[in-house]
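Copied from Swiss-Prot, the annotated features are:
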SIGNAL    1-23  signal peptide
TRANSMEM  223-243  transmembrane segment
TRANSMEM  294-314  transmembrane segment
TRANSMEM  319-339  transmembrane segment
TRANSMEM  354-374  transmembrane segment
TRANSMEM  390-410  transmembrane segment
TRANSMEM  448-468  transmembrane segment
TRANSMEM  480-500  transmembrane segment
TRANSMEM  524-544  transmembrane segment
TRANSMEM  556-576  transmembrane segment
Amino acid sequence: MRLQILLIYLICIIVSSIVLVESSNKHHFKENDEVPFYVNNVGPYSNPTETYEFYTLPFCKPSSISYKKTKLGEILQGDSAVLSDYQFPFKSSFENKQLCEYTLKKEDIEKFKKAIGEYYYAEMIYDDLPIFSFVGTVDDSDLTNIRYYLYNHIPFEFDYNGDQVIRVNIDTEHIKVIELSDQDEITLKLTYSAKWQPTEHEFSKRMDLYEEFFTKELEIHWLSVMNSFFLVVLLTAFLAIMIMKILKNDYSRYSKTDEEEDSDYQEDYGWKLVHGDVFRFPPYKNVFSAFYGIGWQFISIVCGILALSLFGMFYPNNGGNMYTAGIVLYALTSGISGYQSAKMYKNMGGNKWAWNIVLTATLFVAPLFIVVILSNTVAITWHSTVALPILTMIEVITIWLFVGFPLTVVGGIAGRRLSENFEAPCRTKNFPREVPPIQWYRRLPCQILIAGFLPFSAIYIELFYIFNSVWGHSTYTLYGILCLVFLILINVTVCITVALTYFQLSMEDHKWWWNSFINGGSTVVFIYMYSIYYYYYISHMYGLLQATFYFTYMLIVCFFFFILLGTVGFYSSLIFVKRIYRNLKSD
């Protein structure tokens, strides 16, 4: 375990160097220096995934289209920034500068009306700072005469400190509009202005300004998290005391039974009765081992992502650093999955080593690949910028083929050779004991409801903020809270899974291996149900493109956390079961 923690630490250092934020030395300017101004994407405000290139709308284009050089993470998040004709020399203020003047045809007017009616939202970039603005506004107070207004003058405000840009904003109070009437042609004149003003904010903290904007409900947020934290502490204490008290009584009863004379001998009962079967390995050893190994890899990835977030790697408009970090972490931690999977597989007496490695390497990647192909096909049909270019897909596949898969093989070989034999406190009998009939409310489906609901209830408030960030326009920057919530989730999962495993053994049901894994991961059932509720009743998302991305990628996210939490549930149950049977004197 210490080796794994050290490995995660080293990997985080490597990832930090790969996705490191550009040095502030590249953001120094002299007065009147030209700073490139990029226009990125446009799309419906309600559908954050449905984005299109800026010039799919009939704005006046530059004489030649020059795309901004993009990193892997920027491509994955659908960025398609183009150098525009806007010119903002450093520290140079001006009024009503003309961008262009041209004629809108009938079809161009209809395109703008459609975009304004769907609340199209545009993103622009200046010195790596994001600028957001609607395309126009609509007056629908009279439904019989809806009027559309296009922004034709945008006033920009710039804050600077010395020779560096600190913030860029749009003065919404002084935006000018032009009505898009039903004429066949409209002459459109686009203008803009710039106002530069000094500030005391430091460049190194310029992203804090965006964090302040996006965290107005910080106090409510912290209050809800602390409420969940204290509830979890009480739940953990209650379950721990209850289990310890029950186990103490069990040990006392079993000790009395062992001390009785042969004439008064009583047959074992409860969880002691299944001591000869409790360490009998489950069916589908290869699949179970693969899940287990991948689960440890995912735990490492989440810990790495959280560590990088606390180091300030993921700030607003960070060029897709989180996507890049996720891919690099997945590739570099593949050895962990191979090692843990092979180690468990050897303990179970498996001998199909090649199949074990292949299954470990593809059990998550294969469903992910199917989802990417499906969603990418829809995005290409819609001509959206979220459609991944073929070269990008080849690049990601190459990373997996030449880094991820080989590390899985190396980890598998190491796990096979370095792992020790499985040490069970009790000897397993030759023939499995028949499981007695169990009441319906004690069976696995009911266990799933209990095991999934309690961890979900501890995190559902945080899910709202996470969903607003991932599937909305909010920016999540409270990574300290996220770490705390993750620890709460792990803690509740451990407590509930261990308790359910004990009750299952008490009913003389020794088939706890798969049950503990499924119970641990059952929280994702409620997470996916919440995602359905969020889509239809909280968000305003619509359309096939957005729905395809939303529901398919939520399936993958839930599958990810099913494996992660399932591994946590099983591993904690394994430690618990070993402990109680080690303390029991068995015949």
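These residue numbers are counts, starting from 1, taken along the chain as shown.
The backbone N, Cα and C atoms fix where each Cβ goes, and this holds for glycine too.
Here the transmembrane segment (354-374) has long-range neighbours at 286-287, 289-291, 293-294, 334, 337-338, 341-342, 345, 388, 393, 400, 404-405, 408-409, 412, 548, 552-553, 555-556, 559-560, 563, meaning same-chain residues at least 6 beyond its ends whose C-beta is under 8 angstroms from one of its own.
Sequence-remote contacts of a segment are chain residues at least 6 beyond its ends whose Cβ falls under 8 Å from one of its Cβ atoms, and for the transmembrane segment (319-339) they are 4, 7-8, 11, 14-15, 18-19, 21, 71-77, 79, 128, 293-294, 296-297, 300-301, 304-305, 308, 313, 357, 360-361, 396, 399-400, 403-405, 407-415. For the transmembrane segment (524-544), the list of distant contacts is 44, 46-47, 50, 378, 448, 452-453, 456, 460, 463-464, 467, 471-472, 550-551, 554-555, 557-559, 561-562, 565: same-chain residues at least six beyond its ends, Cβ to Cβ under 8 Å.
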